[in-house]
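**Q** Below are the structure tokens for one structure; questions will follow.
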Amino acid sequence: LCCCEYVDRRGRRNHLAACCCDCEELDDGCDRWLTCKSLPPGALERIADTIADRLRVPWFSGAVKINISLVPPLVLLPVFLHVASLHFLLGLIILTSLPVVVLWYYYLTHRRKERTLFFLSLGLFSLGYMYYVFLREVVPRGHVEYSQVVALTCGLILMLAALSRAKKDPGYLPIPAGNEKPSHQGLPNKSVRGSSSGLYGISGAGSSRAVNGEAKGYCRMSAEQPEGVKKDWCTKCQLVRPARAGHCRLCGRCVRRLDHHCVWINSCVGEQNHQAFILALSFFMLTSVYGITLTLHTICRGQSLFVALLYCPGAYSDYSSALSFTCVWYCSIVTAGMGYILLIQLLNISYNVTEREARLALRDNTGRRLLGGLVIDTGQYNRGLLCNWGHFLSLGSSPPQRSAEDIV
């Protein structure tokens, strides 16, 4: 294939120059729309699949397909921010509607159990564009020192490095080979009940004392599985999951110590990447707050941080200041949302509970609401603040060797 050729979804050789050819379904849809006729079932889906298949860019070994969910943030975010900088009322309307639109799209994709790169694209492009505005509009004013720019850049690099680590394997359980049936010989044969949500387990006396595998030896009590915690069978992956593992319906895989599926990294948060996820959130909070502070001290000199955020006279006197002030408010909205996520995560770690376990406890009414409902204590793995944090900091490390005395 040349750089402009590709093999389409029907297995035929095609060319980028022919992107508008053979559009019978689109032509038929337009004709029906003009004549006020209803579309046949599945017509919109086929049109969307055709458009997504032809949205490509030239590449060395053939045209590469572009995920259509990457495009809206790259196009709409700069347009919305520049329009919001024209007037205070426009900024108020746009900055209020943006979180509503993002939440609506989240619930739409979550209900359909669809994975999307929209949120990851929005987050990464927002970081890049805010950094560009900072260097283009704020630094040339001369009130930001070189060391402050270096500190902000280092924070951004560290955050991206932690995000890259969080995007890796969260701790997927290996899927058995398709031609091999998982063995049940080592399992109690009293009752095996299928479950994809981790609510039902394998009953029997032998399973109540199974090794947890997640405590990593920071506390001798937490190194063993608590009473009543059982392994369970996943009907989706056809395997026996260890304690605290769960099946993600978006990824279609079982993950060790599944916390939740994060749309911002388009991956699950589990045993292997939970630490990197917390680190990425922490670096983001520090970098974002620092960038907001530098920008407000530049365009609203002589005012405190919170006063300048609410009242900055002269912010809309010129377009450069208006764009910087609008980006500050956009960053503040995003930072507030990420700060809430980080707060919940830190509280959950302090009580050694995952988001998945908290949701199940709320549904089954088996947990205690603490701190005004911010955290749900299930009581299964809580061994105290220090032991809980020691357990979290040891996630992903190799389990300690147990002596013969401990085994006996």
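Residue numbers in this text run from 1 along the chain shown.
Keep in mind that glycine also has a Cβ here, set from the backbone N, Cα and C atoms.
Note that this is a predicted model, so its numbers are computed, not measured.
This is the feature table in TrEMBL:
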DOMAIN    230-358  domain 'Palmitoyltransferase DHHC'
TRANSMEM  79-105  transmembrane segment
TRANSMEM  117-134  transmembrane segment
TRANSMEM  146-163  transmembrane segment
TRANSMEM  276-299  transmembrane segment
TRANSMEM  319-343  transmembrane segment
**Q** Using a Cβ cut-off under 8 Å, which residues of the same chain at least 6 positions beyond either end of the transmembrane segment (117-134) come close to it?
**A** 67, 69-70, 72-74, 77-78, 81, 102, 105-106, 109, 152-153, 156, 159-160, 263-266, 291, 294-295, 323-324, 327, 330-331, 334
**Q** Sort the residues of the domain 'Palmitoyltransferase DHHC' (230-358) into helix, strand and coil with DSSP and give the three counts.
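**A** Helix, strand and coil residues of the domain 'Palmitoyltransferase DHHC' (230-358) number 68 helix, 18 strand, 43 coil.
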**Q** Quick one: average pLDDT across the domain 'Palmitoyltransferase DHHC' (230-358), no decimals.
**A** 90
